[in-house]
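Undergrad: Take this structure first; my questions come after.
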């Protein structure tokens with residue numbers, strides 16, 4: 001017993017394979033086994049199977065006891081299983097040998113090709129043969145993990161396994177549910193997903209996906225990102241891109257813990273998560289100082305009003321490399337957006353404690369800005385944006401379906417474009433399925449404006465892709481009623497975009513294009529030149545432009 005519990009070094013040594021020199025009887029034994037197996041396999045397939053059954057029945061009848069009969073049945077089962085496994089193993093060996101001869105690429109190039117596949121295709125390739133499986137186990141193949149699906153079929157264990165396989169090659173992670181093959185991240189179509197509005201999973205039920213005997217749950221939970229912070233954050237330190245889509249059970253705390261483990265993150269995309277904008281941006285500004293791309297789409301359009309001015313200032317100061325900013329579906333005000341996009345000489349930060357500090361306003365490298373379906377934007381943040389104070393590098397601006405976007409602010413902006421501002425602008429979307437708001441009352445909608453110089457802009461700047469799609473007549477829906485109902489099912493963008501031009505002949509003067517006038521902003525929390533922001537919350541900070 002002691003020997004079994006504490007084996008000696010000699011007993012741990014690998015047992016040598018028997019050779020014919022040590023046992024001269026082995027060749028004859030192998031020969032007999034080969035002949036016996038050959039005879040068994042030589043049985044004609046056309047012979048009646050009943051003969052094999054009768055032969056086995058006769059063997060059972062010749063057994064002296066019931067125990068012997070059971071033993072014969074068990075041995076038949078075992079022998080059949082062994083023969084099946086041997087056949088499968090030999091088939092895999094032959095397939096692997098065939099693939100190694102027929103496959104033109106060497107292993108290193110095969111690994112390079114596999115590293116370009118999405119995760120699902122990589123798993124299919126790994127199941128093909130042992131040669132492909134060996135190549136697919138290389139960490140380089142898991143550098144960019146994409147586990148996005150149309151229906152829930154990935155759990156936390158799959159995520160953890162993939163990250164472990166990636167090792168030090170880990171660079172990108174995409175998780176969650178993308179609502180269909182026609183929707184793609186970064187497009188104008190909404191990516192927010194709910195089970196109720198998906199035709200692909202009409203019979204799906206969360207209860208059907210709960211852990212059952214023999215099956216694991218196919219739902220990602222709040223702990224799906226734990227591998228990023230585990231092991232002292234080794235995996236999170238390597239991560240450069242993180243995309244999360246419609247993970248129902250994700251919360252603020254879990255997301256913030258994951259972001260805290262990703263100091264080298266360059267690209268963050270969040271869609272449909274039940275997390276707060278303010279807390280998420282605070283975590284990004286505190287931990288992800290190298291970030292260049294930030295895409296955030298709210299799960300409840302128009303309801304998240306959590307963003308505060310100090311958070312915007314911290315984000316601008318701590319993450320100066322952001323060139324792509326998309327905050328879709330949030331209740332943003334113009335003065336908060338102005339902090340993000342308008343580059344200024346600086347501002348005085350007056351804290352509640354009386355301390356004063358100088359901070360910058362506006363991302364200096366911003367080229368892409370998307371504030372689609374932002375409920376409170378009226379367009380006053382556009383004033384002076386391109387006349388030397390910021391927005392000079394702006395290439396893409398999307399203000400689609402901003403309910404408070406004013407007709408006069410759009411006209412002023414396009415007049416500034418005609419005057420020579422925004423030289424790098426190549427894409428502008430001001431479409432609104434409810435029309436633009438009038439100057440005096442946003443309940444009065446404009447559907448075919450005569451003061452917006454769309455035609456003139458297209459003539460002077462033919463390189464700009466200008467999307468200005470408005471309904472032909474009023475189809476206004478009461479916003480309060482709309483937000484009381486299911487947001488995901490009612491708020492949607494047009495499936496097709498078209499450029500709609502106007503023959504308006506009224507152009508604003510060049511003096512108006514400088515936006516020096518601040519009358520009728522529609523968002524009266526500040527004034528453009530030398531403004532002070534007074535927030536409704538006691539913990540807010542006052543800002544004075546200098």
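Including glycine, each Cβ sits where the backbone N, Cα and C put it.
All annotation found in TrEMBL is predicted automatically rather than curated by experts.
Worth saying up front: this structure is predicted, and the values here are computed from it rather than measured.
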Undergrad: According to TrEMBL, region 'Disordered' applies to one of these ranges: 465-493, 494-522. Which one is it?
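TA: Based on what TrEMBL states, region 'Disordered' spans 494-522.
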Undergrad: Looking at the candidate ranges 1-20, 21-40, report the one that TrEMBL labels region 'Disordered'.
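TA: Feature region 'Disordered' in TrEMBL: residues 1-20.
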Undergrad: For the domain 'F-box' (103-147), give the DSSP counts of helix residues, strand residues and coil residues.
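TA: So the counts come to 27 helix, 4 strand, 14 coil.
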Undergrad: State the non-local partners of the domain 'F-box' (103-147) in its own chain: residues 6+ outside its ends, Cβ under 8 Å from one of its Cβ atoms.
TA: 92-93, 95-96, 154, 158-159, 162-163, 165-175, 241
